[in-house]
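What TrEMBL records for this protein:
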ACT_SITE  A:D304  active site
BINDING   A:H57, A:H59, A:D151, A:D304  Zn(2+) 1 binding site
BINDING   A:H59, A:L60, A:R61, A:N91, A:N277, A:H308, A:F322, A:G323  substrate binding site
BINDING   A:D151, A:H178, A:H231  Zn(2+) 2 binding site
DOMAIN    A:48-234  domain 'Dihydroorotase catalytic'
Amino acid sequence: MIDTILITGATLPGGSQSDILVAGGVIRELGSIAAPAGSRRIDAAGLVALPGLVDLHTHLREPGFEQSETVLTGSQAAAAGGFTSIFAMANTLPVADTAGVVEQVLSLGQQAGYATVRPIGAVTRGLLGEQLSEIGAMAHSRAAVRVFSDDGKCVHDSLLMRRALEYVSSFDGVIAQHAQDPRLTEAAQMNEGSLSSELGLKGWPAVAEESIIARDVLLAEHVGARLHICHLSTAGSVEVIRWAKARGIRVTAEATPHHLLLTEDLVRSYDARYKVNPPLRRDEDVLALRAAIADGTIDIIATDHAPHPSESKECEWDSAAFGMVGLESALSVVQTALVDTNLVGWNDVARLLSATPAAIGGLIGAGAIRAGAAADITLHDPSTSSVFDVTDLAGKSVNSPYLGRQLSGSVRYTLHNGYLTLDDGLVVPAEVVAASARAGSQMEMGE
Amino acid sequence: MRHLLSTKNLSRDEAILLLDIAEDMSDTQLREVKKLPTLRGKTVVNLFFEDSTRTRVSFEAAAKRLSADVINFSAKGSSVSKGESLKDTAQTLAAIGADGVIIRHAASGAPQRLAESRWIDAGILNAGDGTHEHPTQALLDAFTMRRRIHGDASRGKDLDGISVAIVGDITHSRVARSNLWLLRTLGAHVTFVAPATLIPFGAAEWPATISYDLDQTLSEGRPDVVMLLRIQAERMDAAFFPNEREYSRWWGLDDERFAAMRSDSIVMHPGPMNRGLEISSTAADSAQSTVLEQVTNGVSVRMAALYMLLAGEREGA
Amino acid sequence: MSTRVVLQQADITRALTRISHEILESNRGTDNLVILGIPTRGVLLGQRIAGIIQGIEPTERQLVGQIDVTMYRDDLASHPTRTSSPTDIPVGGIEGATIVLVDDVLYSGRTIRAALDALADFGRPRAVRLAALIDRGHRELPIRADFIGKNLPSAVSERINVRLQELDGVDEVTIDS
């Protein structure tokens with residue numbers, strides 16, 4: 001097994017060129033480096049080297065929904081998209097509301113070896129919104145859970161939300177709120193507006209998201225806790241976050257790639273690939289989200305990768321499942337929506353998709369390309385433009401809204417803990433990656 | 001025409017052609033022998049995921065009078081109610097050899113989904129989908145208006161300058177939507193009259209006048225046509241309005257309002273009616289009412305639609 | 001492609017006058033006579049024939065109507081959707097009448113077959129005759145015309161155009177070959 005990799009001529013996020021020497025799972029050296037004997041050389045001329053991407057919002061579906069995705073296939077999708085760390089949402093079956101479930105997910109991730117898999121714990125038992133889950137046990141488990149979320153459902157009870165915010169502070173945790181007033185969105189299907197009325201699909205008003213965010217930033221201020229808002233989708237939500245930050249409230253916010261590129265007009269096709277929670281919004285919302293990313297109001301981009309089997313999408317809109325896969329396409333969508341439009345540079349991309357999500361999630365040591373750091377590196381070719389295709393997907397499900405759509409850039413190589421998980425655009429076979437992961441962890445124990 | 005999914009995309013010429021063919025079909029329905037051989041050998045499936053005996057029977061009569069073989073496939077008691085997917089049902093119908101599928105479905109967009117999938121190649125006719133559209137109802141309404149206004153000289157005519165007030169639960173009405181698009185295309189002016197809870201969100205962006213006041217619309221607008229929509233009791237439970245009495249008092253076409261209407265104006269209702277709630281018996285049974293004509297015309301219009309979809313060479317097939 | 005005029009206005013008028021006389025002669029007057037034009041130009045020709053007959057033997061009775069055959073055609077599926085036309089049967093119907101169907105060009109005979117089917121839905125005429133301004137041959141069914149303006153043997157590749165004043169602004173028959 002080749003342990004030493006020399007990446008030559010890569011463009012660092014800041015714009016400078018550098019070789020990167022990786023050995024023993026860490027970055028050894030940056031600069032102009034002569035190839036050590038027996039090393040693998042990767043020619044990265046023209047490629048951007050980003051710190052391994054970190055996704056704070058992934059649905060891996062295991063345990064319980066293995067027909068859609070497993071920890072293994074989901075982390076393969078992550079590797080294909082340049083991700084080296086993924087936070088697995090709690091809405092599995094059983095729900096990740098106990099130490100047992102989160103430790104299981106952690107182990108599955110370690111066995112697969114494609115990425116650091118960090119489980120997210122449920123805020124309430126069974127995601128029912130009634131009683132706090134075993135937050136302390138999960139925080140102190142081997143999975144060391146720091147992010148808690150009922151994602152897919154909103155913690156809508158104000159008192160429960162307040163208690164949750166207070167309680168997780170004890171473990172340096174953060175609540176990631178899925179902001180959706182349940183009464184205002186009963187049976188809702190798409191963004192509420194003249195289009196939803198025309199199409200006869202039940203409207204999902206922006207205010208259902210904005211009112212919850214407004215309440216929660218006030219609660220976070222009141223109890224002095226840290227709050228993270230999942231998948232902001234409206235211009236109004238941006239305004240609330242901007243106000244909260246100006247007030248000094250400890251809130252962070254995320255946007256998904258799809259909310260930065262796609263709009264509700266796609267729903268005209270009634271093609272359920274475009275059905276997602278929160279729904280695709282209007283043009284002006286997309287522009288507001290992009291501007292908020294550019295000015296720092298929105299802190300991170302997270303995929304909300306939500307795999308579903310084909311029968312959940314090949315049906316009437318009303319019966320279709322919410323969600324899109326997004327790991328494999330995320331970086332290309334971000335380039336298309338933000339970089340190509342000159343709203344952000346690659347330095348910002350490294351912050352939005354790696355450093356800040358790592359910081360919010362309590363992932364120590366991730367998010368930077370520097371000597372001594374774990375060798376989590378993504379090499380991205382920004383010069384390509386191609387039609388996104390089903391062969392670009394590496395997970396189990398194909399419910400991508402980008403199939404057939406022109407996207408910029410492509411991830412060429414992903415290194416996780418110093419070994420390749422994506423090699424020249426191809427996902428490295430599972431047994432090779434698992435062996436690298438085992439070798440890495442034995443070495444760690446040996447040290 | 002490959003499919004008939006909505007009135008939104010119908011051009012003025014297409015709409016008038018369809019209404020004109022419906023005139024010819026209507027003439028044939030006055031004959032001793034009402035059956036035409038036009039669709040002999042074609043198989044038409046009535047795929048009804050929602051109960052609607054009236055609409056199903058109207059389509060069945062239309063298809064049979066064109067000599068098509070009609071298969072009724074209703075969700076109740078079939079594999080559909082046992083969780084079979086729309087896709088599997090469509091593929092089954094394709095295997096049976098359906099040339100046309102008339103679909104009624106509670107989910108908006110289900111007919112379009114069927115038409116744009118590769119599950120089945122048949123012509124798809126939307127017989128009402130969720131709160132989206134009900135194109136043949138709008139066509140029969142336009143046909144009825146045109147006949148009342150232009151009589152025997154209807155062929156080739158549009159509805160230019162005609163004012164139509166549509167009163168009732170616009171929010172949940174596919175009939176109101178299909179009527180709005182078609183009537184606008186034909187040159188009519190549409191006013192939606194309802195309490196604000198029953199006006200669709202964002203309807204201000206639609207090419208319709210919005211009114212919360214029926215009396216004002218009737219007295220100031222003096223509409224040529226007043227179309228009442230059925231009010232469903234379950235709307236009260238969902239807090240769209242407090243109770244029947246209040247609804248009927250402000251938005252029902254009662255005797256007093258009816259008496260104040262122009263004597264040459266038309267009263268329409270797609271049925272089934274709630275007499276005494278959205279419409280009084282006096283209005284419903286008056287000479288100005290077209291309620292029964294609408295039912296009769298429905299068969300002619302549906303014959304025309306089936307003819308347009310299924311008789312000629314298959315477009316894009 | 002070359003276009004040749006085969007009938008001019010005077011020829012058409014002469015042909016229709018002759019056909020009108022032949023119809024009267026064979027029917028021994030206008031009793032029970034009903035002339036039904038087949039849309040589009042057959043209707044105009046039928047009206048002209050009826051006008052000529054009225055000039056020779058005036059009658060109070062409505063002689064002429066029109067019968068649409070679209071819904072009875074056997075070739076609907078091989079053409080883009082055809083537009084139908086109104087049918088207008090003279091008061092008194094066709095029961096026991098002598099019907100003269102009028103069409104502009106008699107070709108395969110399929111239109112006339114459809115017209116015979118359509119007629120059957122209105123009743124049982126005593127006899128059905130056929131008048132055509134042009135008979136171009138190439139019959140695909142055992143149908144022949146009783147009254148013919150002009151026999152015009154033609155190749156299948158040729159196209160025959162009947163133009164009438166009311167619709168086209170000119171009376172003429174041309175052949176494109």
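Quick reminder: no glycine exception, Cβ is built from N, Cα and C everywhere.
For the domain 'Dihydroorotase catalytic' (A:48-234), the model gives a mean pLDDT of 97. Nearest Cα neighbour of A:H178 (Zn(2+) 2 binding site) among the listed binding-site residues (A:H59, A:N277, A:H308, A:G323): A:N277. Listed in sequence order, the recorded positions from A:N91, A:H231, A:N277, A:D304 having a Cα within 10 Å of the Cα of A:H59 (Zn(2+) 1 binding site) are A:N91, A:D304. Annotation for A:D304 (active site): spatial neighbours A:H57, A:T58, A:H59, A:C230, A:H231, A:T256, A:H258, A:V276, A:G323, A:M324, A:G326, criterion Cβ-Cβ under 8 Å with sequence separation of six or more. Listed in chain order, the residues near the Zn(2+) 2 site other than A:D151, A:H178, A:H231 are A:H57, A:M89, A:S149, A:G152, A:A176, A:Q177, A:A179, A:Q180, A:C230, A:N277, A:P278, A:D304, each with its Cβ within 8 Å of the site Cβ centroid.
A count of other CB atoms within 10 A of each Cβ picks out A:H57 as the most crowded of the binding-site residues A:H57, A:H178, A:H231, A:H308. Proximity to chain B (Cβ-Cβ under 8 A) holds for none of the binding-site residues A:H59, A:L60, A:H178. Fewest Cβ neighbours within 10 Å among the binding-site residues A:R61, A:N91, A:F322: that distinction goes to A:F322. When other Cβ atoms within 10 Å of the Cβ of A:G323 (substrate binding site) are tallied across all protein chains shown, the result is 23. Within 10 Å of the C-beta atom of A:L60 (substrate binding site) sit 31 other C-beta atoms, taking all shown protein chains into account. Residue pair A:D151 (Zn(2+) 1 binding site) / A:N277 (substrate binding site) shows a Cα separation of 10 Å. Long-range C-beta contacts of A:N277 (substrate binding site), restricted to its own chain and to partners at least six residues apart, with a cutoff below 8 Å, comprise A:G152, A:Q180, A:F322, A:G323.
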